[in-house]
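**Q** Sending over a structure as structure tokens; questions will come in a sec.
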Amino acid sequence: MKLGKVEFCHFLQILALFLCLSGMNQAELTRSRSKPYFQSGRTRTKRSWVWNQFFVLEEYMGTDPLYVGKLHSDVDKGDGSIKYILSGEGASSIFIIDENTGDIHATKRLDREEQAYYTLRAQALDRLTNKPVEPESEFVIKIQDINDNEPKFLDGPYTAGVPEMSPVGTSVVQVTATDADDPTYGNSARVVYSILQGQPYFSVEPKTGVIKTALPNMDREAKDQYLLVIQAKDMVGQNGGLSGTTSVTVTLTDVNDNPPRFPRRSYQYNVPESLPVASVVARIKAADADVGPNAEMEYKIVDGDGLGVFKISVDKDTQEGIITIQKELDFEAKTSYTLRIEAANMHIDPRFLSLGPFSDMTTVKIIVEDVDEPPVFTSRLYSMVVSEAAKVGTIIGTVAAHDPDASNSPVRYSIDRNTDLERYFNIDANSGVITTAKSLDRETNAVHNITVLAMESQNPAQIGRGYVAITILDINDNAPEFAMEYETTVCENAQPGQVIQKISAIDKDDPPNGHQFYFSLTAEAVNNHNFTLQDNKDNTATVLTKRNGFRRQEQSVFYLPIFIVDSGSPSLSSTNTLTIRVCDCDADGIAQTCNAEAYILPAGLSTGALIAILACVLTLLVLVLLIVTMRRRKKEPLIFDEERDIRENIVRYDDEGGGEEDTEAFDMAALRNLNIMRDTKTRRDVTPEIQFLSRPTFKSIPDNVIFREFIWERLKEADVDPCAPPYDSLQTYAFEGNGSVAESLSSLDSISSNSDQNYDYLSDWGPRFKRLADMYGTGPDCLYS
């Protein structure tokens, strides 16, 4: 009959209790035969403590307290005069004692895995005096283990790897399970291992937990991962033992057991002949079932007629062979190429050489396609020379280009004007002859780099480019001149023959043998008594004095004309004038002042003093100008001419007009025309008081003149008013106009008149004025008489 886990635990508890009871007498006998107990200073007495065997099973599931054992002293006569006290670990909280009988009970469920034993102390006291009748004694309660913990894999789940094709018995990984039960008591903690899932590929050692391969030649390419379930069972694997499981994921790692193989024995690709060098022609790949370093390959061209035209390299990421162009293709020269390409593994495992060879061959045929190519020049760069003296139309050189295609289309030439903006050159469209189109100047541009375009006649979109460098040869067309602007001085105390200036010359030309200049005085200056010139024969000359006694008050400046000739063919010359100033010099010959006016100043007045005096004079002038300006601004009238700005004046015209159809009542342009304003001054500072002035009577003149006269009269009134408004004031002019045959319709004039007015003429104006005629007319239908 099979027992369940709970029934088995109860069976063990009963068995343990029986063993405890059977050993009680032996424990009492042993305790009674113990050695006598001695207290210092007292006579020998026999120790009289007696107790039962103190063992208790863990995991007690009963409702009543669990009996542990009994404490008893032979002093106890059973009359209740002795009481027992328990202290130590778990006293009162876990273990209690009957103070009358000495029985010990456990009130809580005990777990050996939490605490294996408890150390306690017991004492017997006189109930009346509460004094010990026996010395305090220490004892231990041990918790007896039962199989209540299953094995556990603390490190699970596991992952491991093993190379594919490993032989049988190759170790994969070791698993370990732990059991919390007491390993020294029974078989509760003795574990054995077994495999529940993963057979027949793997096995496990029952005692060690080492997992090993159980089948040979496991192929990663067929299946690369296995899931194993390992069980650990205590009680040495017997029935009723507790068990635990864990999973182990085993991955087969790759080895190089698969050679590379091309999917096809031959490949064919078409490429245009215009494909640039280094362009990719094709990508091919040999299949390899391995991964990582075991799948790394190298490609090489082992044979064929394109060894020097193409090359192959490997893409490290995809392991593809990349075929690229090394030389330009030409359909007219060769229309196809054949390549023999080999792919081989880089890392070969000697154990699997029998599966080889670990390389493969394929054939690649490359077909070159014809394209319409642009014309090609016979030279990539043409170098030409021409003299800067060449006349317009002079032939410089010739370029030549041809159509490389089989059609050999005629070619037309032109110059890219972006490289010849000044249009110095022309080219014959048919022959390619380059000629000058303008006069050339080497000093402006010594080398011209132009681009010549060659265009197919049949297909103008096909354009070839050639490059021409035209060097301009120099001629002697520039006269020499002073190398710089010289500031030459001579001291008043200079001696005859003293050097006052060394001069040199420059020439924009560039003769092949270098410059050679010759210096001399002009014919009219040769016989002067002041200075002479000495040619140093090294493209320099020296100016020397011929006398002494130079004085600024007599002549402060001398002009010396110098004649310079170059060595060109033909030679060119120029006359350059050297300006020499007479200066007052110190003892070292350094010029102090060169102005003739300074000579008459007091001797003790220095340049700094002159500058200070000049600054003071300028300051006084500025102050005077400021004072005069401020006084003029105070006296400036608060009026302005018509040329001045009259902005910010807001003028309002209350003109009633003649209705929507009256477009000729007045000309607004005349009101806005500032050019016809009268020469009248206007005020701009104060606001005038309102004054009622008599309105002038206007004659029957054009309306625009009437309004202009009215506005100017009002402006004059404001100008002469001492209380004139400020500059940005608002003037309101209420003028109704004049010149109508009906005169003014305002009731203001009617009130000032003593006689009745006749409005019968309103009826003659038409239907638009019928309403007014009915209101003011004197006819029979008039409302008012």
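Keep in mind that glycine also has a Cβ here, set from the backbone N, Cα and C atoms.
According to TrEMBL, the protein has these features:
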- 73-153: domain 'Cadherin' (DOMAIN)
- 154-262: domain 'Cadherin' (DOMAIN)
- 263-377: domain 'Cadherin' (DOMAIN)
- 378-482: domain 'Cadherin' (DOMAIN)
- 482-599: domain 'Cadherin' (DOMAIN)
- 1-27: signal peptide (SIGNAL)
- 599-628: transmembrane segment (TRANSMEM)
**Q** Mean pLDDT for the domain 'Cadherin' (154-262), as a whole number?
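**A** Here the mean pLDDT over the domain 'Cadherin' (154-262) amounts to 90.
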**Q** Using DSSP, break the domain 'Cadherin' (154-262) down into helix, strand and coil residues and give each count.
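**A** Its residues divide into 3 helix, 45 strand, 61 coil.
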**Q** Mind checking how the domain 'Cadherin' (73-153) divides into helix, strand and coil residues in DSSP?
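**A** Once the DSSP states are binned, the domain 'Cadherin' (73-153) shows 0 helix, 36 strand, 45 coil.
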**Q** Counting by DSSP secondary structure, give me helix, strand and coil numbers for the domain 'Cadherin' (482-599).
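**A** The breakdown for the domain 'Cadherin' (482-599) reads 6 helix, 53 strand, 59 coil.
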**Q** Can you break down the domain 'Cadherin' (263-377) into helix, strand and coil residue counts using DSSP?
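**A** Secondary-structure composition of the domain 'Cadherin' (263-377): 10 helix, 54 strand, 51 coil.
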